[in-house]
Structure formats: C-alpha cells, structure tokens
Amino acid sequence: MIEVRNFTKRYGDFVAVDDLSFSIGEGEIFGFIGPNGAGKSTTIRFLATLLRPSSGEGYIAGHSVVEDPMAVRKVIGFMPDDFGVYDGMKVWEFLDFFAVAYKIPRSSRKKIIAEVLELLDLTHKRDDYVNGLSKGMKQRLCLAKTLVHDPPVLILDEPASGLDPRARAEMKALLTELRSMGKTILVSSHILPELADFVTSIGIIERGKLLAAGSVQEIQRQLRAHRRLQIRILDSDLAHAEAILRADDKVRDITGYDHTLTAEVDGGDTEMARLLQHLIGSGVSVQSFAEVEMTLDEVFMTVTKGIVN
Amino acid sequence: MILRENPVLIRELLVNLRSSRSFLLQLAYVVFLGVVVYFAWPAGEEATNQVSPGVSQRLFNLFFLGQFFLVALVAPTFAAGSITGEKERKTYELLLASPLEPSTILVGKLLSSSTYLVLLIISSLPLMILCFLLGGILLSEIARAYLVLILAAGTFGLISVACSSFFGRTSSALVVSYLVILPLALITVTVTQTDDVVLRDFVSIAVLPPWCIAIWVIVGLLINRRLLFPPDVGSEGKEVIDEEEEMKYAVGVVIDRELFPDMLFAPAKRTDLMPDGTNPVLDKELRSEIFSQGTLMLRLVIQVSMFLSIPLMAYLLFLRPELTGYYVGYVLMFNLLVGPVFSSGSITQERERKTLGLLLTTLLKPGTIVIAKLLASARVSTVLTFLLTEQLLLAYILIPELRDRWWTLLIFLSLIAATCVTTTTVGLLCSALSRRTAVAMVVTYLALLALFIGPVGLVWYLQGYTALSEERLASLTITSPFAAAMSIPIPSSDDGQPYTPSFLGSTALDLSIGSKTLSVPIWVAYLAMTPVIVVVLNVLTYLAFRWRWWRAGMSI
C-alpha cells in the first residue's frame, strides 16, 4: 500500500534522510520510530506530498507521490505533528471546510461530520470554537479532519505527542479501531513501547538511516540479541574479571558497584555461555551470573546507541 | 538597567544591525540619495554661474519630504511588530513572566526599532550638507529639519509600539498605526513646510518638541500599564473572541453582519453546511477569519478614516471643488495603507499558523486557493475604501460645478476600484513570494510606493533638471493613481479654470502611433494599464504559489 524507494533528502550538506526504503502492506499499522530529529517527519512529509525528495521515489496505493500528488492526496489522510487551526471557526465548520475541500457533496456531508464527531467523541464540542479547544481536543479534531473523506491510508505524525496518559490510551484504542475498519496506518512516535503493543510492523530510524524494519516479533527478536548481564564476583577477583570483560569486544558499558559488575553484551545465548566459560576458565570466582530483564524501551535505547556510535 | 544591560535592546540590536541586509539597505539608501544629488548638481556653464537658490531649496524640500514620509512609512513597519511578534512567536508570556520591568521592555523595543531608522536619517546628513554648499539654505534650516525628522521617528515609533501592545497580530497593529500616523504626518508637514519662515521655525522648535514629549509620556504610561497588567489571553496566548459578547461592549460603530453595508465585507456566519460548489477557502476567509482577532481593528479603521474624511470633505469638496482630485487622493491613500494588510498576509499566515500543511494535502487546486485569497482580500479592502466615497457622492449631488461634470465621478470611482484591485494583487504576490507576513507586508508597501508615489516624486524632481517635455515626463506616471486622479479636470468655481498641481506638470501624455501623436490624459492611460498589470501579477502569483508551496512544498 505504501512504498518508499531510496528516499533521500538533503538540505545543503546536511543529509536529513539517507537512502530510505521500506514498504507497508494493506491493513497494517506501521510504527515509525526514532528519536527527535531522526528524519521521521521529513519522510512523512514526503509521503504526504508536501516535500520534494532530493532523490528516490514513493508510492501510495500505486500512485507516485512525486508525479501524481493529487491522486495520492485523495487516498491519504494526513495529520502533521505540529499543526494550527483556523481562528473564528467552530468545530463543525472546521470539518465542513475540509469536507468541501475534499469535494464531498453536501448531501452526505452532514452524516459524515456527525459520524466522525461521534467516532472521536467530539459531539459535545460541535459548537465550540476550534481555537479555544485544549491540546488533546485539537489532536482529536485533526484526526477527525483526516477521516472526513474516508481515506484508505492514514499518515499520522506523532498523534499522541503532548497528550495525557488517558488520552494516549484512547488514541491507541482509536487507532486499533481504525485498523479494524481496514485502514492502512503509518504512525510515528519517538517512544517504542507506546506503539509496540498495537502496531503490526515497525521501522526504526535514526539520523536519517533505517536501522531495522519488519514485523514486531522480528524486530523484538533482533533487539533481544542484546543482553544485560549482572555478575557477582568475590572481592579478590573483581579487578581481574573487569579486565577480562574489557578485553572482550562483544561487551560494552561495564560498570562496577559493590562487588557486582554490570555490562551490555551484543549477542544471544551462545555469547553468554562463552563469556561465562571464559570467566571461569580464567580462574575468576563467579558467585552468580545472570541476565537482567530489560524493557523494550531500554533495549531500543541501547541498540540504537550502539549502532549509531 | 533601562539603557545599559537591557537584554531586550541588546538582543534586538544584535539581530537587526549585524545582518548584512541592514548594511546593504543603508548602502542602497545613501547611493540612491547620492544619485539624486548628482543629477541635480549644476554642471557645465551653469556651474560657473551663480546657482539660483531655487535649486538647492527644491532639493532640500525633496529630501525633507522624502525622508519624512519614509519615517512615517517605515517606523511602523519596524515598531508595529515589536510586541505582536512576541505574541505570534509565543514568546510574549516568557518575556512578561521574566523579572524585566515593563519600562525596560518598552524602551528596548522602541529604541531597537527606531535606531536603524535614525541611523538611516543621519546617514543622509552629509548629502544634505552638500545642498548647503550650493547656497540658499541656512544651516539652522537643516538642523530644524533633522529635529523634526527625529521627533517624528520617535513619536511614530512609540505610537506603533503602543498599537503593537494592544493587538494580537502585526497586521492589525500596523494598519491602525498607519491610520493614527497619517493625520499626524499630514498636519506636521503642513505646519513645518509653510512658506512663512517665522511660523515654520516657531512650530518646529517651540511647539512640536513639547507636544511630542507629552505624547511620549502618555503613550509610554499606557503601554507600561498594558505590559504590567496584561489581559488574560487564555491558554497558549490565544484569545478566543466571541463576536456577540464583544459587540455588547463596543464603543462607536457597531458591525452588524446582517445589515448593509457591513454584510458586503463580512457576510454572516453560516448556520448550516456550505452548499455544493462553494469555494471553501473563500467562505472561510470571509465568514470566519475576518473577525478572528475581534472587530476592534476594523471598527477603528472605519471610524478613524471616516473622522478624517470630514474636514477633508469640507475643504476639498465643498469649499474648493476643483480639488476633488485631492479628496480622491485621500481615498487612494487609505486604500494604499489598508489594502495590503488583508492580502499580504493571506498566504504567509497559513504557513505561520501551521495550517498550510492541512490545506495543501486536500484536493483543492492551487488556482482555487489563490482566487479565494484574492477575492476575499479584494472584497474587504474595496468595501472599506468605498465607504469613503459616499462623501464624494454627496458632493456630486449638492455642488453644481461637480453635478455638471457627473461623468468625472464615474472616472474617479473606476480609478478607486482599479487601485483597490492593484493593491490587493501586489500584496498577494508578495505573500506568495515571502515566508513571513512581516516581510511580505513591508515588501508590498515598498512596491506600491514605487508604483504609486515614486513616479510622481520622480517627475517633480526631474522637472527642474531635464530637457524632456512635460508630456514625456507625464508618461512616467501611468502607474500612479494619484497622478491619474489629479489629471481629471474640474473647473474652479472662481475662474472656471481647472486646477493642475504644480508637481504634475502636464496632465496628458503623448502617445505616438505611427506618424501621428496622440495626447492621452493620464487617467485614461492608468485605467488602460491597470488591467494588464493586474492580470500579469495574478498569473505570477499563481505560478509562485504553485511552484513554491503547492508543488515544490517549501519546508512549511
């Protein structure tokens, strides 16, 4: 449904996005993850036909983003990360404005506006001025706006940013509901756990490069190839053990506290076994050797840091 | 604290003065004045003879008037955005919440916005002194002129800062500042440029400074109060204005969208969905956005312009009907000031308020958007301008000299209409080419000045120094509605002779078709030229919008 091929965007010498390629199948929710300034918004603006690429191509529902922006605009609903609203307009007028802009005939407009207001739980705000709405309400209104022409593809740039926990949970529920309506959704965030439990596939981007892309399970497996170790060692061998770990190129970020060493290990079970064997073989008195459970977020942080640095 | 170590002042001066743009602008200004003096400088035989005092006096007057109007025009563009800019960038609350005293902020804003202007004025001093060498002007005369200029820069700047502190948007602050400054500038020019030397000196040295100081104190206190106790602006510094609520407390003119003539520029809000085939952008601009910042700005504009028109009407239409062209000149000047406000922000504001991304991803074609912007802003500015023509209609009904020449009314009205369309079009083009409203607005004013007033000034300047015939000179003024309005002959009630302003020379220009030479009045040429200019500019606007925003998607 969405395909990006070798998308590159340069601003002078600065490369904002570097040779990005990925594709999203129909009916998927694709989570686009990366820290601030990674190039998420640039890619999203490119897909929303608002940005000309330095090179590369993009296709949405078979239409070229560059060659045929009008056809693309018909099939996408776009929500920017930072948007404004018109002054002096009421909520229903705002939606009517965009409905007319999407050429929806008057006969069906009334019903559609009532439906999206209902879907986003905004019916009670129908006659409020849009510039008087709270941030969360504005986010919902903007999402309502992207739905008025019932597009099969939704491109949402950080729809949950700046929302309180309850509103975040509601936004998640809403996206899941939209997916059940058969829509393909590209949603970005700088926080992985926020997306991990409802997206079907993930792309991780940092400094303009795609680090990993695939289904959630796949990515999690990739991320799980990275462990955090906690080793308790008898006092006398502490220095020796630390020296061994430091000499090992699969081990990073070693910290010592009391007589416990903590370290990050690139690799899976075999790597761990090898390390334990190596320590014991070198005569270190290992008291305990255990893997520490990491949250998805922590793994994400260490992985991205590892790859970029 | 107020002058030294004033963070507001230091920051703004650094930003404004260290840019190469300000240096280049100053260079261009001095070079321009240099060229003016160079061509006016007596050469050849003339140089060896005694130069008539007229030459230097004329040059001196041109310099003074030119710089005075430059001050009146540029001071607000710098100062009117000084506080509204903070509001628009959402840094206003940060500034207010800081321990800076309001007076520090005020002095910082005022000095930083007028420093550059004063610098420009002073940099013209050496050229002014050259005129002194020609003889015919006293040194005290020059000192007096600079005193008036600097007082004007300070007063106009302060008035604009005051407007800036009372409005939410730069455009509103700017237009209201202009309307307040216009009568002040006209009065100052009248009393300081009379031929009566004693009166002139007395007014400039003994009357003007105390008045200015009084204005400074009053306006300064007002701004201080406003900054110390800012009104509640709601979350994110945005005011939500309920029109009906506001109307209850309105003083003077009340705008009722159901009634004529208010419905012409502000049709009532819809109570139901738009009909099919409506241009949604046009509908939005006219019905929703026009009063988004409240009706205060429009009510002030209407009231001030009406109030000013009364004495002008009495003198220019009823006492001396041959000066009708001057009254039309006032109407045109009003449009020149107000017209760009509505159009020059219409595209840039979509970007500044971050709604452009939403608008561009809809199925609206660029042409639909540009046409809607053009029609909405042309409609508002035209209706507001035509409110001032009712005095003209009244004069044509009541005064026999004018009634006999009723057809000239039609010409005047077409001139005004053509000007309304031109100001809007130029503003829209600048808006499509700029990234920020403030820049678009300044560029619009400069472009309109070059089109409308520049040619008249040029002809006036050239009259003394060129061998070109008056008719040839007149052909320079075909883009100026002011020249066109003055070129329509209205016979005087005293001697029956039409009045022609001295600065215009001829009211007709020569047009050679083949071997024949045709004498065409300026107004005919202007009315013939305007549609061509408007169409060309609109096509350019469409192309600029399409390529910069709609198609290429400049980073928005």
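Glycine residues also receive a Cβ, built from the backbone N, Cα and C atoms like all the rest.
All TrEMBL annotations are machine predictions without curation.
Fair warning: this is a prediction, and the values are worked out from it, not measured in the lab.
Annotated features, as they stand in TrEMBL:
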DOMAIN    B:60-192  domain 'ABC-2 type transporter transmembrane'
TRANSMEM  B:21-41  transmembrane segment
TRANSMEM  B:61-80  transmembrane segment
TRANSMEM  B:116-139  transmembrane segment
TRANSMEM  B:145-167  transmembrane segment
TRANSMEM  B:174-191  transmembrane segment
TRANSMEM  B:203-223  transmembrane segment
TRANSMEM  B:296-318  transmembrane segment
TRANSMEM  B:324-343  transmembrane segment
TRANSMEM  B:382-399  transmembrane segment
TRANSMEM  B:406-434  transmembrane segment
TRANSMEM  B:440-461  transmembrane segment
TRANSMEM  B:523-545  transmembrane segment
For the transmembrane segment (B:174-191) and the transmembrane segment (B:324-343), check the count of CB pairs under 8 Å (sequence separation 6 or more) and say whether it reaches 3 or more.
yes
Positions whose Cβ lies under 8 angstroms from the transmembrane segment (B:406-434), at least six residues beyond its ends
324, 328, 331-332, 335-336, 339-348, 370, 373-374, 377-378, 381-382, 385-386, 389, 392-393, 396, 440-441, 443-444, 447-448, 451-452, 481, 484-485, 488, 490, 523, 526-527, 530-531, 533-534, 537-538, 540-541, 544-545, 548-549
Stretch in B:21-41, B:145-167, B:296-318, B:324-343, B:382-399 most in contact with the transmembrane segment (B:440-461), if contact is a CB pair under 8 A:
B:324-343
Taking the transmembrane segment (B:61-80) as the first stretch and the transmembrane segment (B:324-343) as the second, find out whether 3 or more Cβ pairs fall under 8 Å, excluding pairs closer than 6 in sequence.
no
Stretch with greatest number of CB pairs under 8 Å, the transmembrane segment (B:116-139) reference, B:145-167, B:296-318, B:324-343, B:523-545 candidates:
B:145-167
Would the transmembrane segment (B:382-399) and the transmembrane segment (B:296-318) count as touching if the test is at least 3 Cβ pairs under 8 Å, pairs 6 or more apart?
yes
In the domain 'ABC-2 type transporter transmembrane' (B:60-192), how many residues does DSSP assign to helix, to strand and to coil?
117 helix, 0 strand, 16 coil
